[in-house]
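Peer 1: Sharing the features that Swiss-Prot gives for it:
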- 1-32: signal peptide (SIGNAL)
- GLN33: pyrrolidone carboxylic acid (MOD_RES)
- GLU128: active site, proton donor (ACT_SITE)
- GLU273: active site, nucleophile (ACT_SITE)
- ASN361: N-linked glycosylation site (CARBOHYD)
Amino acid sequence: MSTSHKHNTPQMAAITLLGLLLVASSIDIAGAQSIGVCYGMLGNNLPNHWEVIQLYKSRNIGRLRLYDPNHGALQALKGSNIEVMLGLPNSDVKHIASGMEHARWWVQKNVKDFWPDVKIKYIAVGNEISPVTGTSYLTSFLTPAMVNIYKAIGEAGLGNNIKVSTSVDMTLIGNSYPPSQGSFRNDARWFVDAIVGFLRDTRAPLLVNIYPYFSYSGNPGQISLPYSLFTAPNVVVQDGSRQYRNLFDAMLDSVYAALERSGGASVGIVVSESGWPSAGAFGATYDNAATYLRNLIQHAKEGSPRKPGPIETYIFAMFDENNKNPELEKHFGLFSPNKQPKYNINFGVSGGVWDSSVETNATASLVSEM
């Protein structure tokens, strides 16, 4: 005992505390790996691609969604170890569906030429294509385009590395309440069933854009702000044995239920977009956005009542983009165009929103005192 007591010096205590801080940091980083951020480029004042990727790395953001195969961004991603959801834009869907030669060319130029230096995890063929929106003219081409890209990925020898899917929004859901009764719209079933069948057969997830903000702002009389921000103190929806305290889970689980009803019980979900604007419309405030993002990052580690476990989630978006419309769309960024954080979010720390200088300064002080 005397020997043990003899070595219990302030220096040893500092070393022990530093070790605990480093261990805690590594655990938090691992826990935050379910989170990525969407890299949109619709602004005339955004940083260059190299600066953006360095910002991802410095903030411990390990996943990125890219909406089109921008070669400048892909070059900057080389060697970064950031996992990428690579978009095939709506404007290319019809062309890719028209023949395998086009799919092979697209995969060669935008995937294989950058592999394995860029860790492409998904190809998102199209974004929010739907028979009930202005993209209905593309619906008959979507699944054929997905099939062609899937075949081209396989021919390139990357079939075990890259999954092919598409990103949809909640307009395809006909019934979402209660979540266990979730189902796709009858007038979209022909479209959805083809997608679900493809994903089931290729063991790929469905990519879903989930925005509690729009549900709340469109119906504030029926949907409360706390329920939308993950801050409801009590259960809001009792669905059999499942209890819902936040709208995000209810929306997510309604899609899972809809998938099961469409023969896709084995199909997983990746949340390909979620966010909250800080200005520009009803309910879009700095405080609401900070609260939602902080809680989303924490909640993504936990899962939903129907599907416990980490939820791979991509926050929309990295920057405020001043060329987007309407006004609301300009204010979804985690960062301002000058790379200054709007909310001091760091993805390597549990809880999401914090001042990164706190731990850095504390660790530096410990080291200086040893």
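Backbone N, Cα and C define each Cβ position, glycine as well.
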Peer 1: From the Cα of GLU128 (active site, proton donor) across to the Cα of GLU273 (active site, nucleophile), what is the distance in angstrom?
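Peer 2: If we compare the Cα positions of GLU273 (active site, nucleophile) and GLU128 (active site, proton donor), the gap is 11 Å.
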Peer 1: Neighbour count, 10 Å Cβ-Cβ cut-off, for the residue listed as 'active site, proton donor': what number do you get?
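Peer 2: Other Cβ atoms within 10 Å of the residue listed as 'active site, proton donor': 18.
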Peer 1: Please give me the CB contact count at 10 A for the residue listed as 'active site, nucleophile', counting all chains in the structure.
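Peer 2: If we count other Cβ atoms within 10 Å of the residue listed as 'active site, nucleophile', we arrive at 21.
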